[in-house]
Amino acid sequence: MSATVVDAVNAAPLSGSKEMSLEEPKKMTREDWRKKKELEEQRKLGNAPAEVDEEGKDINPHIPQYISSVPWYIDPSKRPTLKHQRPQPEKQKQFSSSGEWYKRGVKENSIITKYRKGACENCGAMTHKKKDCFERPRRVGAKFTGTNIAPDEHVQPQLMFDYDGKRDRWNGYNPEEHMKIVEEYAKVDLAKRTLKAQKLQEELASGKLVEQANSPKHQWGEEEPNSQMEKDHNSEDEDEDKYADDIDMPGQNFDSKRRITVRNLRIREDIAKYLRNLDPNSAYYDPKTRAMRENPYANAGKNPDEVSYAGDNFVRYTGDTISMAQTQLFAWEAYDKGSEVHLQADPTKLELLYKSFKVKKEDFKEQQKESILEKYGGQEHLDAPPAELLLAQTEDYVEYSRHGTVIKGQERAVACSKYEEDVKIHNHTHIWGSYWKEGRWGYKCCHSFFKYSYCTGEAGKEIVNSEECIINEITGEESVKKPQTLMELHQEKLKEEKKKKKKKKKKHRKSSSDSDDEEKKHEKLKKALNAEEARLLHVKETMQIDERKRPYNSMYETREPTEEEMEAYRMKRQRPDDPMASFLGQ
């Protein structure tokens, strides 16, 4: 390491005319440098005492030189110190002390009767100026009148606490305030004692204490547990054990009368899950979660309803699990139909919607059931007898055949029609639906197909039959074709020949145009191949010229290449990976 050289430093003025005189830096000899290094090594090994700063503190010899050396602009005297590495006092934040706190209440001062210099010209307070005054502007300010001077505002100090000061729960607490509570309790205690002394004096005057002292129980040391005297004398003890029975610890009971603790021991007769079936191939027991999900008696052939424990899987289907699954299914179906509901995002809305849906569904089923029963009947079939009478004996005799048909006894009811029976309107002698023809219903008496038409009798039948005959004749005439003349046949033949000639001409034109297009494409491809060869030749010549002598010509074109140019490029490009590329030029 080379010797440190201190540059010349201009003397800084200190205390007026005095100047700090600095010694000229001397160059270290090789011997001094060696001694200095040996001393540093001895200090690091602990054989030599460490350096001491101006405060008498030892300097750790293991601190590097770039940390321990003092900069010339801080201390030119080059004394050994670490003061420049410590926090500088002028840069430290000044925090409020723990005793400082905000003012509570208003300080009562004497009334000011004279205007003070620097006070508000309007009201006379010292804590603000005229432009910041909140009072109503006076006609003549307090500066000139000197009367009715307002008191100074209660200004709170600006406190800035450190980390501990902000979290000090007792900061600003005045212990003298607690003395008020102590005095209040002392007064209550004094009142209790005076009342107690007054009661004792009254009992002594009435002679009750003398009778209790002369009683045989008191002479033998026995005391009446429920006497008023014992209650009065032991009131303080009762206050201590007043709530002792209400705060029992789990597993024990505290008796305040006898002051003993009674343990509640519980006999455990339950069996551990892993001891129910010792077969290693039975249900798996998870020691981490203490769970056995499967039934341990599954391979033993026991009924799961008869055993005391059938696995933990039954919990998955208890409680609200099934209802929650139904709610989730309803949410999915409602979301598919356009409702913005979600089980996790808005469970309350989904629950209310699902409840209203179930109520509406039940109402709809009841309405549908009632409407069907009103229309078709059959309420008596729904009123089934009790279950115990379904397979019991009855007095109704029914005889069946081999095929299940009823031979004797209960007859099968005839199916009722949806139309009203035996209701004849508008002079009809038959009901509606008694006549059917060509997919339409009508009246048999007049062959009318209109339900609310009047009956026409046999005349209506004849009219309908005559209309049908006329319609059949018209359709028959139209179906017979008129015979064509020779002239008409000749004209049709000429038209067909013209059509055939036109088709042949169109085919010929298409074939000729296709051949012309192929020739044009071939010529364009030939021109594109020639242009591609010229371009490749130009590139080859340009690459042979020295880089410094090559012309700077941009080969970029803005137009899009044609299909023939792309085909020529594909045909002429080099393919080094193609094994047959060498035979292309031959």
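Using N, Cα and C of the backbone, Cβ positions are placed for all residues, glycine too.
According to Swiss-Prot, the compositional bias 'Basic and acidic residues' annotation covers 20-44 (among others).
The compositional bias 'Acidic residues' annotation in Swiss-Prot covers 235-248.
Annotation source Swiss-Prot lists compositional bias 'Basic residues' at 498-510.
Sequence annotations record features per position, and here Swiss-Prot assigns compositional bias 'Basic and acidic residues' to 529-550 (among others).
The compositional bias 'Basic and acidic residues' feature in Swiss-Prot is assigned to 557-578 (among others). Within its own chain, the compositional bias 'Basic and acidic residues' (557-578) is flanked in space by residues 521, 524-525, 527-529, 531-533, 536, which lie at least six positions past its ends and keep a Cβ under 8 Å from the stretch.
The Cβ of Lys349 (SUMO2 cross-link) lies under 8 Å from the Cβ of Val341, each of these being in the same chain and 6 or more residues away along the sequence. The secondary structure of Lys349 (SUMO2 cross-link), as reduced to three states from DSSP, is helical. Swiss-Prot lists Lys349 (among others) with the feature SUMO2 cross-link, giving a large-scale study or a structure entry as the kind of evidence.
Here Swiss-Prot flags Lys408 (among others) as SUMO2 cross-link, drawing on a large-scale study or a structure entry. Counting every protein chain shown, 10 other Cβ atoms lie within 10 Å of the Cβ of Lys408 (SUMO2 cross-link).
Annotated N-acetylserine per Swiss-Prot: Ser2, in sequence order.
Taken from Swiss-Prot, the feature phosphoserine applies to Ser215 (among others), supported by a large-scale study or a structure entry.
Sequence annotations record features per position, and here Swiss-Prot assigns phosphoserine to Ser227 (among others) based on a large-scale study or a structure entry.
Residues annotated as phosphoserine in Swiss-Prot, with a large-scale study or a structure entry given as evidence: Ser235 (among others).
Positions annotated as region 'Disordered' by Swiss-Prot: 1-63 (among others).
Per-class residue totals from DSSP over the region 'Disordered' (77-100), listed helix then strand then coil: 6 helix, 0 strand, 18 coil. Under the heading region 'Disordered', Swiss-Prot lists 77-100 (among others).
The feature region 'Disordered' is assigned by Swiss-Prot to 206-254 (among others).
Feature annotation from Swiss-Prot assigns region 'Disordered' to 496-586 (among others).
The DSSP breakdown of the motif 'Bipartite nuclear localization signal' (129-169), given as helix, strand and coil counts, is 11 helix, 0 strand, 30 coil. As annotated by Swiss-Prot, motif 'Bipartite nuclear localization signal' applies to 129-169.
Computed over the zinc finger (118-135), the whole-number mean pLDDT of the model equals 93. Only residues 6 or more beyond the boundaries of the motif 'Bipartite nuclear localization signal' (129-169), in the same chain, are considered here, and those with a CB under 8 A from a CB of the stretch are 93-96, 98, 100-103, 106-107, 109, 111-115, 119-123.
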